[in-house]
């Protein structure tokens with residue numbers, strides 16, 4: 001099995017909240033695709049609650065588009081990580097990390113403005129696979145956590161696992 005890019009960085013040294021360019025690629029037609037690691041929690045120390053991350057998934061996708069789309073950038077998808085420590089965001093374009101961080105903070109401020117659960121988009125049996133598993137309160141706690149701690153930038157060069165370590169891990 002090939003070694004995925006996300007497993008070549010040292011999770012013990014990641015800061016959170018932080019933005020990291022996880023991958024860059026070009027389509028056959030020359031479009032630039034960038035995948036960002038939006039790390040909400042320090043790996044192996046913190047985790048987002050499942051109801052909160054699910055609600056945030058519904059809110060974050062729209063709010064990030066409001067703040068980041070345009071000027072050569074269009075978000076393709078924002079999806080939670082299985083480890084519940086962050087989200088991956090795939091987009092067309094190559095915005096710098098600070099632009100992404102600023103949009104992320106603005107999106108979190110928008111999450112705090114949501115007044116009740118009925119304002120969560122697609123919160124129904126037809127558009128959500130687990131529509132009863134939501135918590136606006138938990139999503140807003142996560143948003144407050146991001147705003148209070150601010151968003152930093154994680155560098156791939158600083159986080160790269162040395163080849164010796166990868167060999168030691170039998171990868």
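Even glycines carry a Cβ here, placed using N, Cα and C.
Annotation for residue 54 (Fe cation binding site): spatial neighbours 80, 130, 133, 134, 135, criterion Cβ-Cβ under 8 Å with sequence separation of six or more. Following the DSSP three-state reduction, the secondary structure of residue 54 (Fe cation binding site) is helix. What Swiss-Prot records for 54, 58, 128 is Fe cation binding site.
Same-chain residues at least 6 positions away in sequence with a Cβ under 8 Å from that of residue 58 (Fe cation binding site) are, in sequence order, 120, 121, 122, 123, 128, 134.
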